[in-house]
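Note sheet for the following structure.
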Amino acid sequence: MKFSGISKRMNSAKIHLQCFTCQGSIYSLEGDARAVGHLCSMLRRRNLLTTLLIALPWGLLLTLWHQYPTTRYLSILRKETDENVTAKSLFNNSTSLTREDGLSSCARQPAVGAAPKIIRSYVYSRPPPWSEALPSIFVITPTYSRPVQKAELTRLANTFLHVQNLHWVVVEDAPRRTNLVSNLLEKTGINFTHLNVETPKSLKNPSWLPSHKPRGTLQRNLGLHWLRENFGTTPPPEGVVYFADDDNTYSLELFEEMRYTKKVSVWPVAFAGGLRYESPKVSPAGKVVGWKVVFDPNRPFAIDMAGFAISLRLILEKPQATFKLDGVKEGYQETSLLKDLVTMDGLEPRAANCTKVLVWHTRTERPTLVNEGKRGFTDPRVEV
């Protein structure tokens, strides 16, 4: 009996010991789980901190990159890249429109023995290739020396670079052709002719007086003379003549509107005559019957210089048609030419029957140069 009691007590002690061991194991497992959880939490915090330390500097760099896209660093990279770009000659894709004569100087006809002008292929990759199937557009632009001359000619050239089959006749109001205009024209890659004729002082307005005498008359007439000299004795190409001043803004759509002109095509011009726009009046039958203008609406052709284009064939058939100076009142320059070419019945309204504006009489603001020449800031070697 004693031995059985002792055996029971020993068995009971073993059971208690086993329970204690199990509880210790459970406590150990719970401790390990808490340690693992604490470790994971620390790792998450460390990963978050690492991410922030990496992301913040890059975010700052990207912000600065977008705020200063034309940094010196970028210009250096661009310069290094440009050194590997294949050069091309300005005198590729020459056309039959380029001719040698005493009046013109064309980009497609380099002087004998002169090295061809080379530009990088990323500059002026236009104009589009010449097509014999399309009528040509001859644009006559009078220009004169002033602080914004290069800026306005550059803007105009950037428009013409998108127009197919365009030949630009630039006529300077100067005793000789200037390097500024010559260099600009050569770099564009546009088919061009560069002429010059100086307006006599008696026909110029003093700079301090409002402009009442017509400007650009002799220059436009010289452009017409060049066309007649070059195409008057041979079958002329299909084409149209347009007078584009260098201070206007032109939609590309305008040039496609005028390209197939039969005689004289017309359209509205914005910011002319003190109005939002001036325009021909067009009847429901599609005929021009008058003029939506305020200044002298009874003029035979109350239209702005930028508001019409003339068939090249018509220009050649009417050699007497020029812009007149003698006896021509203000605002009648356009009439002095058009009256020798067409009647109102022969006008062709374009731009959706003269309901769309495709040309604007914008003007570049005259720059304020009151500090020019002070404290050595003037450098005449820098072309502006």
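We count from 1, first residue shown onward.
Any Cβ shown, glycine's included, is placed from N, Cα and C.
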UDP-alpha-D-glucuronate binding, same site as P142, T143, Y144, R215, R220, D245, D246, D247, H361, T362, R363 - TrEMBL member from D173, D296, D326: D173
Euclidean distance between Cα atoms of E278 (site 'Interaction with galactose moiety of substrate glycoprotein') and T362 (UDP-alpha-D-glucuronate binding site), Å: 14
Alpha-carbon distance [N353 (N-linked glycosylation site); D247 (UDP-alpha-D-glucuronate binding site)] in Å: 25
Residue among recorded positions D247, E278, E334 with least C-beta crowding, 10 angstrom cut-off: D247
Candidate nearest P142 (UDP-alpha-D-glucuronate binding site) in space, where candidates are the recorded positions E278, E334, N371 and distance is Cα-Cα: E334
Entry from the recorded positions list N353, N371 having the most other CB atoms no farther than 10 A: N353
